[in-house]
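TrEMBL lists 1-29 with the feature region 'Disordered'. The compositional bias 'Polar residues' annotation in TrEMBL covers 1-20. Taken from TrEMBL, the feature transmembrane segment applies to 45-64, 94-113, 125-148, 169-193, 205-225, 237-258, 278-297, 323-346, 377-403, 424-444, 464-497, 548-568.
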Amino acid sequence: MSTEGPATLNPISMDSSDPMGTNGHHGQNVDELSRSLQRFNWPDYLVFVLMLVSCIFIGIYFGYKDHQKHKNRKTARRDSEALDYLVGGRKMKIFPVAVSLVASWISGISLLGTSTEIYVYGTQYCYIVFAVVLMGFAMHYIFLPVFHDLQITSAYEYLQMRFDKRMRVFGSVLFMVACLLWMPVVIYVPALAFNQVTGINIHRVTPIVCLICIFYTSVGGMKAVVWTDVIQSGITLGAILVVLIKGVIDIGGPAVVLERNLAGKRIETPNFDPNPTLRHSVWTMWIGGSVWYTYGVSCSQDMIQRYLSLPTLEDARKASRGFVFGMILVIVLLSSIGMVIFATYYDCDPLTTNLAAAKDQLLPLFVMDIFQNYPGAAGVFVAGIFSAALSSLSSALNALAAITFEDFVKPYFGDKLTEKQIALTLRGSVLIFGIISVIFIYIVEHLGAVMQLTMTLSATSGGPLFGLFVMGILMPWVNATGALYGGLAGFLSMCYLCFRSQASMATGQIIYSTKQMDVSGCTYLYTNSSKPDPTFDEMEKSIHHISYLYFTLFGTIISCIVGSVVSFCNKDADVEPIDPKLLAPFIRKFMEFGVESQEKYPLNNLAPSENTHLDIRQPE
């Protein structure tokens, strides 16, 4: 079977035994070649600008519609402005919400990080699709029934209902920390891609794009966020498919892609080694990965807000199934692109030659290479990357506005706020958090590969936050005092674990073995300055060497253990009976509630979520 495909990046041939390029001095060097690939012309800028302009108009449209509705309404319910802005009046449709869920999750981090993961480390990561399925079951049977029965707006209202006001504030702060660590990465990634294709400094483009996102999010609210997600998802999916199809055709077909990846040992069978320090194995992905995904969907305000924007529990479950299907599809497509990139550069690794300045610039480099003679194609790709980033950023900003208002402003001011003051608070929150994210980009750019970095940083507050909800929904013996100490213990443990891990990676104390790279077929001049590093297997290992996919699980376990121990030591701390609606449905069935709890919260009063009212529930 032939492995010959169309040649790429081929100014002149060069003797592979001469890495300094002295025998090929008449050819382009790597810097010249890199500049020649930065051809972002007016058709590309036009496509990119049209995407941004469409987001602005969607924000203005929905902002104007809501303004006219509230202006013309003679008798408005209190907080109707917040209800429309944060959860779309709880009248959203299943399809746009399902698409928005996928768009919120699939940021530029996933687009660039997944393909890079396959290229550098192989296809072991692909098996994480089973973790997505496990997450879908957890949402369907455990979390969605609880949240929809309560009809809350902030996910952290639940913590006050189940425990007390302290826990609501604690949960909200943990989520804010998670968002503020995550959003700069979301912005940085597409800027990195833009830098690869245009040469423009990332700190010039990020403020402009962020201001546009802040504008349409603050003006249009949840409806604008969801509908821009739909449009942005279409652009992103189109860009992925175009890149994949063009790459496969150029390389000579799927058979060539498969053959070269097999020869390069990129295609891997499931690794069942239980060693927790392995970066990826079946166990790290199915156990650690499923916990990480479940946390991200069940405890993140931006995701829960979408589920609660739907009128019924059955609608929310359908949207959840759509989310699972969409996630699997995207992971498969991005993994395939990673294999195509390797098949293209199988004998001339652009990372070794420094043609790609960073691992996460591989995909942009590949796009500029294969679309050299197609004006506008690179613009579609960059628009797709930015679309994915904007959808995630707008979701996070809207969620931060929600918890700022619901958990910090509303409980203290209550009826004193006018509709105008509510609108000002919500939109001001979006602006402030957006500016903070832009500032934090200066830190993120020095912290390493984006996908692992994102999962590591999110686990810092994600582990203890997920632990709070697990204790509340699945562990009825845990009281408020136990939950507080458990959450604090989990947070402190994760701060040590995550930041020690990142510091070790930055200083070279943790180095994961990558797949073998080949530069024997390079036809341009480069300087090979790389040197062999010690493998991770040779190093002395500590607790912070566990796979980054286990981090969220570790924080959750610490929180639940400490919470349970403290609760058993303070059994008399909480005397209030538990409302069965605050527990998972199967816990309600198998747990025998005391007489006092039955009298105060009779189980037969649990109406189906399909018939619940649309008002925001106020905790006592």
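Cβ from N, Cα, C; glycine included.
All annotation found in TrEMBL is predicted automatically rather than curated by experts.
Fewer than three CB pairs closer than 8 A are found between the transmembrane segment (377-403) and the transmembrane segment (125-148), and contact between the two stretches is not assigned (pairs 6 or more residues apart). Most Cβ pairs under 8 Å with the transmembrane segment (125-148) belong to 464-497, among the candidate stretches 169-193, 424-444, 464-497, 548-568. Among residues of the same chain six or more beyond the transmembrane segment (45-64), those with a C-beta under 8 A of the stretch's C-beta atoms are 209, 212-213, 215-221, 223-224, 227-228, 231-232, 235, 376, 379-380, 382-383, 386-387, 390. It is 169-193 that, among the stretches 94-113, 169-193, 548-568, forms the most Cβ pairs under 8 Å with the transmembrane segment (424-444). Annotation: stretch 464-497 has the most Cβ pairs under 8 Å to the transmembrane segment (548-568), among 94-113, 169-193, 323-346, 464-497.
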